[in-house]
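A short write-up of the structure that comes next.
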Protein chains: 2
Amino acid sequence: MKNVLGLRCIDCGKQVPAVAGTYTCPSCGKTGGIMDVEYDYKVINQLTSREQLAQSKDYSIFRYMPFLPIEPNSARPHLRVGWSPLYKPQGLGKSLGMSNLYVKDDGQNPTASLKDRASIIAVIKAVEEKAPTVAASSTGNAASSLAGSAAAMGIKSVIFVPSRAPQGKVAQLLIFGATVISVQGSYEDTFRLSAEAIERFGWYNRNAAINPYLVEGKKTVALEIAEQLNWEVPDWVILSVGDGCTIAGVWKGFKDLYNAGWIDRLPKIAGVQSTGCCPLVDAFVENRPWRPKEENTIADSIAVGVPRNPDKALNAVRESGGTMVGVSDEEILAAMRELGRTSGIFGEPAGVTGTAGLKVLVEKGVIGADEKVVSIVTGNGLKDVQNAIKAVGEPIKVEPSLKELLVKLEGKV
Amino acid sequence: MKNVLGLRCIDCGKQVPAVAGTYTCPSCGKTGGIMDVEYDYKVINQLTSREQLAQSKDYSIFRYMPFLPIEPNSARPHLRVGWSPLYKPQGLGKSLGMSNLYVKDDGQNPTASLKDRASIIAVIKAVEEKAPTVAASSTGNAASSLAGSAAAMGIKSVIFVPSRAPQGKVAQLLIFGATVISVQGSYEDTFRLSAEAIERFGWYNRNAAINPYLVEGKKTVALEIAEQLNWEVPDWVILSVGDGCTIAGVWKGFKDLYNAGWIDRLPKIAGVQSTGCCPLVDAFVENRPWRPKEENTIADSIAVGVPRNPDKALNAVRESGGTMVGVSDEEILAAMRELGRTSGIFGEPAGVTGTAGLKVLVEKGVIGADEKVVSIVTGNGLKDVQNAIKAVGEPIKVEPSLKELLVKLEGKV
């Protein structure tokens, strides 16, 4: 990887070689999402340019190969990850009173969430490092995307889930041929057992928070936004926050483009959590270190009381001059309806939490009605139909009679 | 539409002008998927070419505008429909003993099925014809795709569902802001009431079988396959069949390309149904007219005992020198597992029925191991998680103890 200079600790600033498995800073000893991939931007600019990209027919994250920490000739799964559509939905703009609003629908990925961007990097790195098996503990999008990418790559995946994991999500993992281990205990038990087993078996660890390469996959969403907007950087990018890896990836993407000289300014980054579980919003608003919180929200993909990438997440917001805000579950359900009704976009609760926060920030005047804003929808609503049912009302019930129908429809169509 | 010559009755051969609402042949009086859009291929070739397409950056069905029966300046919804990925999954090829196998994953569409290709045309035609409302009776992919496209277009949709429709599918329709009418009766009651209401209110009729324009949307899947294979036509295209509109669309797409001189031969088309509901397979195999059948299969999207586009479907198979085959529900569930495990593709039962049939036809020697084959997956498995649960087994249950895990995993990872 001649484009990669090394890994830098975001805490003590030390740069170390990009050696496999460097998840803890060898200098200061700090761990947990602390290492950042550093690039040689001169090399990147020798390998690619905005003009060359305009000729590229690779509409996936791999159009940005020189910005990725993988060997040029590494094997890659066939799945088409990335280049999700960036829409300018007039109906939603009107509804929020905004003239320059874009929605990036990242539910349009092979396993229907943004997490595919990280998981495909995980399996590529696993094969580079000759690990025949990747592992993770999760019931959510990280798990299904890892299992999907592993299947496409032809390697094994082992997924640890707590016994309470919904049957549907377990089925999706099994469809992808994962070895699924249902741990008869809490999520904490599950995570601990997975860590022990990963160490025991030497499986490749897909944990976006500690593995610095996965944030690099996630950053491609920012590269795409910039290119899809013809390199005119938006004023704001807004999205939901759980562990903090995705928001960190978005910020890293824009910073890499800026440092490579491809864009001339940086956007502000807004992070949104549910008020039912918002340790990072509280830390930001009260300007203090984060503290664990209860996990009490329908937005399960971001119900993270102990975020595993808090430093990079808070950095992204602070460095960018952005903001954070909490929204209620009711506001999240309203955003699901609003996106669906006005734009034909069906997001899961955590997927639309950014849009719910956007509404609040526009109403408060923090985000101006004419500012150029990109709201990222991070996951597809088909992943969580139960909550869609909560978001909507009942259909109109009629007997099979036109006469009755006419009465019931009066004023409605 | 200077590219459109008119509509031709596939039964009596009469050509008539392409006037809105021509769903019945004005000459012979036959109805039900009988009219076909005819193009002026000279005009198409003035407007576009293979070389021009290679420069196009519109990666949606609208890159093929000159092949579509819509006005060039008609308003279009923002949704990115089409240009779904065409994979060459090595694992699946190996598993089926095939060297030249491609999978077109049409579950990668905005509402997660191939039906988006037809529904987006429906809403464009509705607005061209100044109809403020589109309507359909369906609980499946046609309904959700119509509701999604209508929301993106900013027009109303009215969907009739039988009372037995699953809550999740109804929720998806309501999310897209559709007026959902739950008819307290059978599907037949529902269809009849919708027909009466469509006539009474003058809503635009989204019925792929009788509306000739919708097949034109579906045909874009064939145009994409040809272009993605660099205009080298496959030996076979194989897919599932319900009403018969999609297989008719695939054949129409290849014929249009052939008639325009863009490809030099035509593929054979193979249609697959579940043996639990296979009126068209029976008609083909026994070489007789089709007869209604019971609807007894898990593949709900193709559980059509009275197909509404039988003539065009059987024509596609016969004219192309193709074939039809029935597969059991067990074979469909096995195909779900096989596609997931080997390729990271999660299809719904009806979506993978083509792949199940491919396995049978290869085993029988009807399709050769080295022939170039494209298997179309028509819908995403997230639409029907209940059947995914049927397809897979149980996870491995362990107490949170590494010791127990080591015992249970022995020989498995």
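Cβ coordinates are placed from backbone N, Cα and C, and glycine is handled just like the others.
Predicted automatically and left uncurated, TrEMBL annotations should be read as such.
A quick note: this is a predicted structure, and the numbers were derived from the prediction, not measured.
Annotated pyridoxal 5'-phosphate binding site per TrEMBL: B:Asn141, B:Thr378, in sequence order. What TrEMBL lists as domain 'Tryptophan synthase beta chain-like PALP' is B:81-379. Per TrEMBL, N6-(pyridoxal phosphate)lysine is recorded for B:Lys115.
Around B:Asn141 (pyridoxal 5'-phosphate binding site), the C-beta neighbours below 8 angstroms that are at least 6 residues distant in the chain are B:Thr111, B:Ala112, B:Ser113, B:Leu114, B:Lys115, B:Ser301, B:Gly379, B:Lys383.
Of all Cβ atoms in the shown protein chains, 29 besides its own fall within 10 Å of the Cβ of B:Thr378 (pyridoxal 5'-phosphate binding site).
DSSP gives B:Asn141 (pyridoxal 5'-phosphate binding site) a helix state. Under the three-state DSSP scheme, B:Thr378 (pyridoxal 5'-phosphate binding site) falls in the coil class. For the domain 'Tryptophan synthase beta chain-like PALP' (B:81-379), the model's pLDDT averages out at 95.
Its own atom aside, the Cβ of the residue listed as 'N6-(pyridoxal phosphate)lysine' has 33 Cβ atoms within 10 angstroms in the protein chains shown.
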